[in-house]
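Beneath this line is the structure, given in structure tokens, with notes to follow.
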Amino acid sequence: MCGFVGVFNKHPLAQTADQEELIKQMNQMIVHRGPDSDGYFHDEHVGFGFRRLSIIDVENGGQPLSYEDETYWIIFNGEIYNYIELREELEAKGYTFNTDSDTEVLLATYRHYKEEAASKLRGMFAFLIWNKNDHVLYGARDPFGIKPLYYTTINDQVYFASERKSLMVAQNDIEIDKEALQQYMSFQFVPEPSTLDAHVKKVEPGSQFTIRPDGDITFKTYFKANFKPVQTEEDKLVKEVRDAIYDSVNVHMRSDVPVGSFLSGGIDSSFIVSVAKEFHPSLKTFSVGFEQQGFSEVDVAKETAAALGIENISKVISPEEYMNELPKIVWHFDDPLADPAAIPLYFVAKEAKKHVTVALSGEGADELFGGYNIYREPLSLKPFERIPSGLKKMLLHVAAVMPEGMRGKSLLERGCTPLQDRYIGNAKIFEESVKKQLLKHYNPNLSYRDVTKTYFTESSSYSDINKMQYVDIHTWMRGDILLKADKMTMANSLELRVPFLDKVVFDVASKIPDELKTKNGTTKYLLRKAAEGIVPEHVLNRKKLGFPVPIRHWLKNEMNEWVRNIIQESQTDAYIHKDYVLQLLEDHCADKADNSRKIWTVLIFMIWHSINIEKRYMPEELSHQPKEVIFV
């Protein structure tokens, strides 16, 4: 795993000296992604910069890498897990190789399959390939969005980078996207492909693109996460799931450097660890928790590790450590991300890096196998399907006048509201009606439903559970789960691999019918059945906490003064009604409401603003800033 920057010049440059210096400065911003070495390639059409974290073919796997008399050049972030099989296939067709790296195999795959190359890959990746003969730049991002890829157009040049902070070096200004900010306040992340900078976008997962001289960037989707449930015997599906996970974990452990695994108290990471231990008996595991009672899975993780006969290394985080590291962590995010669980992920990655270079983790299991409690909702709302639409409207009016917290109010609201109007994913922080009080430039014509309506349209033939999974895969998973997984581990120069988010595993998971996702009130039912006899009994049906954080308690106690000062000193008055935010904090401390997630969401934006706009709380790594800030 690594990081890269690049530029495509629509008109060839007469000289490249200035561009070479710019690429070096951009590359310097992501040293944490690849501390082992750097590399560069330039011609009149493209400039490539690369930072390497050595994983496969440590001696000869450097980049940028060329193939076939320097006709093709590549910069690549990620891992291709089927590179051995692809190499054998290409060798049978007459291709030869000079290294043992997956990078060279990827380049040869493009040489042979051209724009069909991305669909041949099994892995996590973002890459750029320059074809010198045809003057074509080709790039792609992996199917689920495990690896990031940002881009921006400045005059006649298109810039790319593994992290948005590199693009800030090339830009002369930041234009804060107020629509993206408004959506952030509901989702707790900026929904892709947007970023909080109006000039910068993300290449979407499962898509590829080409650029030709004097032409625009052209995108094409090569993978869609489509669900296709089938009715078949439970035992058959259990075996297919188990076999797919064993196969995925096996190929995800291909590495020339030490591999470990994160371990919480739930089924996801425990399943990964239990299987990985069979391939690598000396596997090290890593866990994190807090002193606050009920907010640590360290003891459960240690019990799991002991049952498997492997080592567990844990870290307990104090509120002081959390506060001290938060500005640096927000800088690593690139865009504000208000998931409190991102911070313990940063700390467990920091601890793991002392022992290994690669770590496995359980991201994606909830979205693929039906693990969130909210996925049980469609079953509980079945009786409402028989109620005529006119009566549902009347019941919604009744619910509207019921006091907040009154028993039955929420049930009526959910049961009488279509799924596409009430569900936007796993997090809904600020409702539209409340955002009017928060944001000074609230746009009443913009709704969080604008983000999800495309995904509901694409999944219109699905069951409600599959619709929810589809929405989560396209919003929550890529915007929150995978963003924090990449940014928090790469901040510590640690490669994270997620075996559940594998094309082979998804192909099996997509066939699971609803009744085998949630059964008898149990989430991820089929995954748990597949784990029987493999995962220690004490964790098999245990509810997952993940990386829980005692934010609700801290905002009233250890963090209260610190948070209050940030709100009062923040220079976000152009965007935020700060008096309203302070009132949220007062009500929270007085136990009038649990406003912890709302306060945290605004707080993270304020810290982001202080780093990117106000130039305060700047980590040492932040050596380049844009020259001008534009508020729109």
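Glycine too: its Cβ is placed from the backbone N, Cα and C atoms.
Site annotation (Swiss-Prot, ligand L-glutamine) includes Arg52, Leu53, Ser54, Ile55, Ile56, Asn77, Gly78, Glu79; from Asp18, Asp102, Asp134, the additional listed residue is Asp102.
According to its DSSP assignment, Gly78 (L-glutamine binding site) is in a strand.
Note on proximity: of the recorded positions Cys2, Arg52, Ser54, Gly78, Asp102, the one nearest Gly362 (ATP binding site) is Gly78, by Cα distance. In this structure, the CA atom of Ser361 (ATP binding site) is 15 Å away from the CA atom of Gly78 (L-glutamine binding site).
Separating the Cα atoms of Arg52 (L-glutamine binding site) and Cys2 (active site, for GATase activity) is a whole-number distance of 5 Å. According to its DSSP assignment, Asp102 (L-glutamine binding site) is helical.
Confidence across the domain 'Glutamine amidotransferase type-2' (2-214), taken as the mean pLDDT and rounded to a whole number, stands at 95.
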